[in-house]
Amino acid sequence: MAITSLDPGPGAAALQAWGGQMAAFGSNETVVDKVLPDMLHLIDAHWHQFPPMNPLWHGLLGFVIGVLGFISVTGNGMVVYIFTTTKSLKTPSNILVVNLAFSDFLMMFMMAPPMVINCYNETWVFGPLACQLYACAGSLYGCVSIWTMTMIAFDRYNVIVKGIAAKPMTINGALLRVFFIWAFSLAWTVAPLFGWGRYVPEGNMTACGTDYFDQSISNMTYILLYSIACYYAPLFLIIYSYFFIVQAVAAHEKAMREQAKKMNVASLRSSDQANTSAECKLAKVALMTISLWFMAWTPYLVINYAGIFKTMTISPIVTIWGSVFAKANAVYNPIVYGISHPKYRAALYARFPALSCQTAPEDTGSVASAATATEEKPSA
């Protein structure tokens, strides 16, 4: 007599469900299968060779982006609030810091929620137009942040390297720079909406960005020139500025030590560490700024170049790292440019005493590099 029903138990049922979920990785299903029909014309044939991503990756990506979004919106929002409501912080230099925080705030406020929703659905669910606008917004805020960091480096270079001979930046000068940054960035990032370049879903199908598989002259020239305008040029200018800033501070500290020797200061040896503290702090800030900048935007550059030059096979999982590293930039920018500012910290602790774990002594060794606090020490 045939047995028509068996109860394998809950353990076997779980294994069966798990096996059904994983069956796609050994079948003809691809990462494109869940893409909505109105999005298929934007999907490059390259992605049809890859099986669906493990749902665990979508879950992790959505969780990470959600956490980064919360931290960034809170941190940058606080930077904008403190800098715009504290009288002592309303300086021309700090307008650039506010612009950086505002750009990073908008990036995560507008881009993190859609990506979390898409990760939950394991594909882009908002349609082709939203995909174009999402990619354009990401490029815009990224380019604005990059060039704002460059202008901050220029401001520090002007005050520290040129010293008293430098022409101080005015409120109007700072606002003009902010206007230039947004206009320049907007001109580059709306170009794909008008036919020069193209915005398409990325390999993970939960975000959108530049099309790095289109081998047309129009698309390739856009990616190459855009990388020059918003990666190589600002990176070179930031390195140039901080190189001479560190050099100027090192020369200043050396002159101070030589002057101390001429004055026969008995405690010169014991004060060596104090004399070099400014130089060391500045070198660390410069190294951190350049390293974090490089770490944030290089993955996207590598992915785009690998696509147009076909130097490596880009899998859907690889495209995740571009999104994570670029968006993480919006998290640590307020730390580097806001919390490292002594006056900002003082105002923050005054408004929110609970954030101050202990009463910190006045930082008499503060250097001019501390987040555009350069006006506090123009002689450097």
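Glycine too: its Cβ is placed from the backbone N, Cα and C atoms.
According to TrEMBL, the compositional bias 'Polar residues' annotation covers 359-372.
According to TrEMBL, the feature domain 'G-protein coupled receptors family 1 profile' maps to 75-337. Residues belonging to the domain 'G-protein coupled receptors family 1 profile' (75-337) score a mean pLDDT of 86 in the model.
Among the features that TrEMBL reports, region 'Disordered' is placed at 359-380.
Under the heading transmembrane segment, TrEMBL lists 60-83 (among others).
What TrEMBL lists as transmembrane segment is 95-112 (among others).
Among residues of the same chain six or more beyond the transmembrane segment (132-154), those with a C-beta under 8 A of the stretch's C-beta atoms are 93, 96-97, 99-100, 103-104, 106-107, 110-111, 114, 126, 177-178, 181-182, 184-186, 188-190, 192-193, 199-200, 207-210, 229-231, 234, 237-238, 241-242, 245, 289, 293, 297, 326, 329-330, 333, 337, 372. According to TrEMBL, the feature transmembrane segment maps to 132-154 (among others).
As annotated by TrEMBL, transmembrane segment applies to 174-196 (among others).
The feature transmembrane segment is assigned by TrEMBL to 223-251 (among others).
Panel annotation: around the transmembrane segment (285-307), residues 142, 146, 149, 153, 209-210, 212-213, 223, 227, 231, 235, 238-239, 242-243, 245-246, 314, 318-319, 321-322, 325-326, 328-329, 332, 336, 340, 367, 369-370 of the same chain, lying at least six beyond its termini, place a Cβ under 8 Å from a Cβ of the stretch. For 285-307 (among others), the entry in TrEMBL reads transmembrane segment.
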